[in-house]
Amino acid sequence: YTPLQNQLGPQLSQEHPSQQSAAYKERVIHLNRADAEGRVQFRSNSISTTKYTVVTFWPKFLFEQFRKAPNAFFFLIALLQQIPGISPTGRFTTAVPLSIIMLLTAIKEVVEDWVRQSLPATSEHKQPSQLHSLQGQLVCEPPDDDTTKFKGSLYLDQVRYPVSLNQLLMRGTCLRKTSYVIGLVVYTGADTKVMKNSKPVPLKRSRVERESNRYFLLLLLILAFFTLFTTVANMVWTSRIGPFAWYITNNEISVGHFGAVLITCFIMFHTIVPISLQVTLEFMRIFQAYFIQCDLDMYDPIADIAAEARTSSLNEELGQVNFIFSDKTGTLTQNSMVFQGATVAGRMYGDAVSNGAEAYEFVSGVNSMRSEAAQGQNKDLDDFLSILTVCHTVIPERDSHDNLLEYSASSPDESALVYAAKDMGYELFERSLDTFVIVKVNGEMRRFEVLATFEFTSDRKRMSMVVRCPNGAIRVFCKGADSVIFSRLQSPHLVSETTNHMSKFAMAGLRTLCIAVGDMPQSEWSRLHTEYENARNDIERREAKLALVAEKLEKNLRLLGATAIEDRLQVGVPATINDLLLAGIRIWVLTGDKLETAVNIGYSCRLLQPEMEVRSAVAELSHWLCGIASVKGKEPALVIEGESLSWASHQSVRNEFIDVCLQCRTVICCRVSPKQKSDVVRYVREAMPSAVTLAIGDGANDVPMIQESHVGVGLKGKEGLQAAAASDYSLSQFRFLKKLLLVHGAWNYHRVTIVILFSFYKNITIYVTAFWFALWTQALYNVFFTGATPFALGVWDRSCSVENCMRYPQLYRESQGSDRYNFKVFALWMLNGVYHSAIIFLCVLLAVSTGAVFSDGKTAGLYYLGSLVYAIAVITVGLKAGLEHTAWTGMSHLAIWGGIGNYLVFLVISSNFFPHAGGNFSEVVGYDRALFGSGMFWYLLMLVPALALTRDVAWKAYKKTCRKTLREEVFEMEKLRKDPSTVLFQGTYRKVTEKARLLRNAVGGRSADASANLGDSGPAVEASRGVNLDEEAGPAASAASAASSAAEAGTVGRLRLTVSH
């Protein structure tokens, strides 16, 4: 950095940087002068946008892993097992499996982090050799995080050239329509604007994982009870029998003996917590993510983009989504602008026609505009189209034969306007951004000299150009939002007519832009030109000075009219939103568009329904805050602008505002900034801690809300890859969100929860049985004999077919809350494991109470008892897994019967090969033949599992007969090959109201006031409009979806359905 000497003066454009102000610290880059005076070492160009680096990987990874209670627990066990003479197991029986789990998890984290940050980049830049002789320097502002501005001056041969954001290529920019660029590096590494704006990758954990950590404490209490009970029992036994058991060393009561026995029992029973669960979950989630990425139903062949799971740790979270926060432009719409009409000099080209509901359709006026422009008699229309052709930053791309290839535009809006003007005979033929524009009008070439350009910014909301027209006149061309154009008009002429026409445009969902023109005398321009050049060359106060010059130029304008551009909805958006609403998911739209446009898009995509009471005024919101309920019989919907949102976000009224929003069926926030999008998501998360939020967007301005939500989904669209790079899952179209949630999300939630519950259950069963017999633990149980069953449940099990999950969105409601995985469910599974262990214990105890005799006359001993109990436990747990399977596959059979077969094979191997290893294994020689020859062994193998599972079978039968859920009924209809829609028509499942669902599943500790006015759920279906409610599933699915929706809303009696064949 070079401190400057003097205050900036009027002759700034003639001054050297060394003569500028010391009040503003600037960066000076010398061209080809490594020995320049005052040069300092700039930052390295090395950056890291990953979650981990080579240096921080192990510290951060270990910290994250040991935040998981089971990992910290097993690490403690591994340390205790290193104490000689204390551990009843080997020194590495826990350390080795834990190390393998950690290694596999580390590999998964590295792979996912690498994939998450892999984006296209430019490489192999060419540098012409003649640049080595170039001398000069660039003076610019110091590094900052503002991506909307850049100020600097380039000095070459004592001539000063102003540089701005137009000349700045930010890090990560993709080159298009050129093979290389020649540039000067200004900011490097962490000093780049992109890196200044970057945030650490947020750590997201699923609700299931957070709950599992809490339930782990229950297992620790059980483990503590087993440990203390066994230790005390040992002390009692030692005090009574110890003096006579002379063959047992250190058999006396003491503090040291008590501590040693306590640690031994703790290690002996520690595997009541399944160490295999972590690696099972990690591999299972990898397979689930792979299934998402390979799903052809979520592949876009036109864009050649498939779904991508950028993280696998949130797969089950997709099945519990309560709120979706969506961007509009590029997310719900195509971000492909089409010019539909305009209003010029009070005449409206095109018209908004009501379609019978609250929404409007626009009849294009392009043909009438084209016909009138061809006549060349309308001066206002000529000026209007000339401004559309000149006032922009579009570059025409031509081939070697001077044929137009396409227009290269920075925004689809500008491109649409230029193409529309060309369609009407006003072709942008050639342009130099800062010099001239040539327009071809009906074969006539018109040259406009560019004198000044004031670009569009979010603060200015307008763009202006000062041009010298072909007739020599100097004019100001201006286009922008109505709020800034109207205040700069010379007179209110045409304002009323134009406003009325723009309202019709907005009602039809069209984007509007006002067009105005002004005349400027040569003398006035000569005076302002000097101020304009001085402002351009001012690095410190460039924006402020340019804004002052613009204010002097952009006045006394004459209103010409306004444009109307359509941003079309993506394919399948209305059907997708309708089905997500049926699934019980609340959808909020957060957009930067004006209120009227946002409301019409809401009706077009069926987010707003004609039966809803839509409120938007701040006054009405204030009434709501005072407790006024919605009109009876109508579902409330809220539309709020960014300015009102700022007021409602104040701490004093924020809670009441959120309560009002939660009473609404849907909320649309318009004219909001990226920060406000993030704030809205955060407010909902704070108000409803147990609700799961999902944010979806396609642009850089959607990144804050994507990172703030529980699950972030990015669309790879025309606005770049920033949203996709910051997301957890990326798609190419909004409609694919339906299958991601209703199929993959619901299946993954079912799979993950059943795997966790079953894993804890099977360990409770075997180790509580071991507790009854005071046996030592056996590690092969979790790996070879029962390890495959939870994996099969977690990867291949499903509750309903893909077709029915997509056709009946109501099925998704069962996975939204915590009905399948909560403390009650967890405790019941654990008690069931205790019950099964007690049955096994009592049956075996009674069977061997009088002894057991083999066919050769020998009596059974410790090995017989242990093998019998173990075999019964393995079979019981395997059959229990079969009861929990809802969809039997070949892998299910392999996992269950293979696990049982593995144990029987293990008995043969241990009896015939282990004795050769030495040690105590000599006692089991020929043991397999004796065991398999025992009638009691086979009798108990058949009797005890059947007896233990009788209660489970009876409970399953009762539930499937008297207390079936909707998902179970639909699945049963699938197996019977019947149409499941009859279930929905008959209403045989319990209707879940919106109020009950939110209170039970999401609100939790929120006050009753937040949900007092919630009505019954189910979006109203306007069947008379004859729209296909499910474009992907076909007419039959449409009928079923509409009928189920009406049945849920209690409106079957007035349903009128029209289906097109």
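Backbone N, Cα and C atoms are what each Cβ position is placed from, and that goes for glycine too.
What TrEMBL annotates here:
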type: ACT_SITE; residues: Asp327; note: active site, 4-aspartylphosphate intermediate
type: BINDING; residues: Asp327, Lys328, Thr329, Glu414, Phe456, Lys479, Arg511, Thr591, Gly592, Asp593, Arg671, Lys677, Asn701, Asp702; note: ATP binding site
type: BINDING; residues: Asp327, Thr329, Asp698, Asp702; note: Mg(2+) binding site
type: DOMAIN; residues: 29-94; note: domain 'P-type ATPase N-terminal'
type: DOMAIN; residues: 725-964; note: domain 'P-type ATPase C-terminal'
type: TRANSMEM; residues: 215-237; note: transmembrane segment
type: TRANSMEM; residues: 257-277; note: transmembrane segment
type: TRANSMEM; residues: 752-773; note: transmembrane segment
type: TRANSMEM; residues: 826-849; note: transmembrane segment
type: TRANSMEM; residues: 861-882; note: transmembrane segment
type: TRANSMEM; residues: 894-916; note: transmembrane segment
type: TRANSMEM; residues: 936-954; note: transmembrane segment
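Location within the structure of each feature annotated in TrEMBL.
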| residue | record | CB count, 10 Å |
| --- | --- | --- |
| Asp327 | active site, 4-aspartylphosphate intermediate | 27 |
| Thr329 | ATP binding site | 25 |
| Phe456 | ATP binding site | 20 |
| Arg511 | ATP binding site | 20 |
| Gly592 | ATP binding site | 20 |
| Arg671 | ATP binding site | 17 |
| Asp698 | Mg(2+) binding site | 30 |
| Asn701 | ATP binding site | 20 |
| Asp702 | Mg(2+) binding site | 31 |
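Here Asp702 (Mg(2+) binding site) is compared against the recorded positions Asp327, Thr329, Phe456, Arg511, Gly592, and the shortest C-alpha distance is to Asp327.
Listed by sequence, the residues of this chain that lie at least six past the ends of the transmembrane segment (936-954) yet keep a Cβ under 8 A from its Cβ atoms are 832, 835-836, 839-840, 843-844, 847-848, 852, 864, 868, 871-872, 875-876, 879-880, 883.
Taking Cβ pairs closer than 8 Å, the transmembrane segment (752-773) reaches residues 208, 212, 215, 219, 222, 226, 230, 269, 271-274, 276-277, 280-281, 284-285, 315-316, 781-782, 786, 789-791, 793-794, 797, 820-821, 825-826, 829-830, 832-834, 836-838, 840-841, 865-866, 869-870, 873, 876-877, 880-881, 884 in its own chain, all 6 or more past its ends.
Residues Asp327, Lys328, Thr329, Glu414, Phe456, Lys479, Arg511, Thr591, Gly592, Asp593, Arg671, Lys677, Asn701, Asp702 are the ones the record ties to ATP, and the longest Cα gap between any two of them is 27 Å. Distances between the Cα of Asp698 (Mg(2+) binding site) and those of the recorded positions Asp327, Phe456, Arg671 are shortest for Asp327. Reported as a whole number, the C-alpha separation between Arg671 (ATP binding site) and Asp327 (active site, 4-aspartylphosphate intermediate) equals 12 Å. Distance between Cα atoms for Gly592 (ATP binding site) and Asp327 (active site, 4-aspartylphosphate intermediate): 9 Å, as a whole number. Averaged across the domain 'P-type ATPase C-terminal' (725-964), the predicted model reaches a pLDDT of 76.
In this structure the C-alpha atoms belonging to the residue listed as 'active site, 4-aspartylphosphate intermediate' and Arg511 (ATP binding site) are separated by 16 Å.
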